[in-house]
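Engineer: According to TrEMBL, the protein carries these features:
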TRANSMEM  6-23  transmembrane segment
REGION    72-111  region 'Disordered'
COMPBIAS  72-89  compositional bias 'Basic and acidic residues'
DOMAIN    216-245  domain 'EF-hand'
DOMAIN    262-284  domain 'EF-hand'
DOMAIN    299-334  domain 'EF-hand'
DOMAIN    338-373  domain 'EF-hand'
Amino acid sequence: MGKASVILYITVGILVLFLISYSPKKKSDHDHHHGGHSQHHRLKLRSSFNFKPTRHDPIPFDPLVADMERRREDKEWERQHIEHSHPELASHSQKAATGGGHEAAPGHESQPEWEDFMDAEDYLNDEEKFNVTDRLISLFPKIDVSPADGFVTESEMTEWNMQSSEKEVMHRTQRDLVVHDRNKDGFISFSEYEPPSWVRNSDNNSFGYDMGWWKEEHFNASDANGDGLLNLTEFNDFLHPADTKNPKLLLWLCKEEVRERDSDKDGKISFEEFFHGLFDTVRSYEEDNHNTTHPYHDLPEGPAKQLFAQLDKDGDGYLSDVELLPVISKIHPTEHYYAKQQADYIISQADSDKDGRLTLAEMIEHPYVFYSAIFDNEDDSDDDYGFHDEFR
């Protein structure tokens, strides 16, 4: 970042703080827009978590908040998944997490000392310790990097969300690896892996079993180097196959789609099997991303036939697993898809002049958009986590 950019951010930040300090707004308005510290509104971390790998709650915008939530989630996960089956691990994890008396402070940046307050919400709602306006001013230049021009674009916001998402996903994978790695060698063998309880407790018609999600073929496809063991990266791919760059695993995903959609069990996808299910999934993905490339014809089969013909490279009238590769990321959306969704929502809500990008001033004018995941109204339920219904 050049000196000019740094000076620009500092100047704008000082100006904004000056204007806020001397704003004639009522205190309640100031609290609502710039700190959320009125008696009816508080910043509040999540109190419930979904540990299934299909969870796609919005990742907190602020890394400091994400770290706090991650530690709270770790405690809940430990209670649910370790205490009963691995009490020795629970005892060890508890000592590591508390440091022998206090919960460890979140990593990165300037962090709160947990012993300074009884609950994380007290820190978040103390404007001297956690001021939303100050946080936005400090985070803006970390998002505005491609290029650093004083504007946050959709691609920059998507990349910011992706960094947070990847950190969150890898954190969960590391946590799962500790549990499944019974011989503590840092790798997972197929015999060590035990499906999560929500899979074990479901019947054979469930998504997990019907698609072979937790079977040996899936494990072997995730084993990129073929050594019979999954390292951290391979295990992460195993748990989150849609985001892999491993061609074996992507092909496995395609094979599973053929098995799932192949109603006549001939080992391939006919147009009818494609049209009733797969096509709607691909079309919904393209509509969500505003990149539909095929016009809709009068007959509903029109665009489906067009896409089917494009995918059917050998022209035999059927789609094989390999021929599904070009659309597999639309059938199984990646973390980038959700990061872009979140970026689109944020920009649509905070972009006052509707130029498709955000300035620092626009972000400060709309703090709720960036902290809505933890902005709690006492009249609402405690589990009101996430963005508005239109985003969910």
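Just so you know, glycine gets a Cβ as well, placed from its N, Cα and C.
Whatever TrEMBL says is automated annotation, not expert-curated.
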Engineer: For the domain 'EF-hand' (262-284), jot down how many residues DSSP puts in helix, in strand and in coil.
Structural biologist: 14 helix, 1 strand, 8 coil
Engineer: Mind looking up the mean pLDDT for the domain 'EF-hand' (216-245) in the predicted model?
Structural biologist: 95
Engineer: Counting CB pairs under 8 Å, which listed stretch among 216-245, 299-334, 338-373 touches the domain 'EF-hand' (262-284) the most?
Structural biologist: 299-334
Engineer: Treating G and I as helix alongside H, and B as strand alongside E, what does DSSP give for the domain 'EF-hand' (216-245) in helix, strand and coil?
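Structural biologist: Helix/strand/coil tally for the domain 'EF-hand' (216-245): 18 helix, 1 strand, 11 coil.
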Engineer: What does the DSSP secondary structure composition of the domain 'EF-hand' (338-373) look like, as residue counts for helix, strand and coil?
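Structural biologist: Summed over the domain 'EF-hand' (338-373), the classes give 26 helix, 1 strand, 9 coil.
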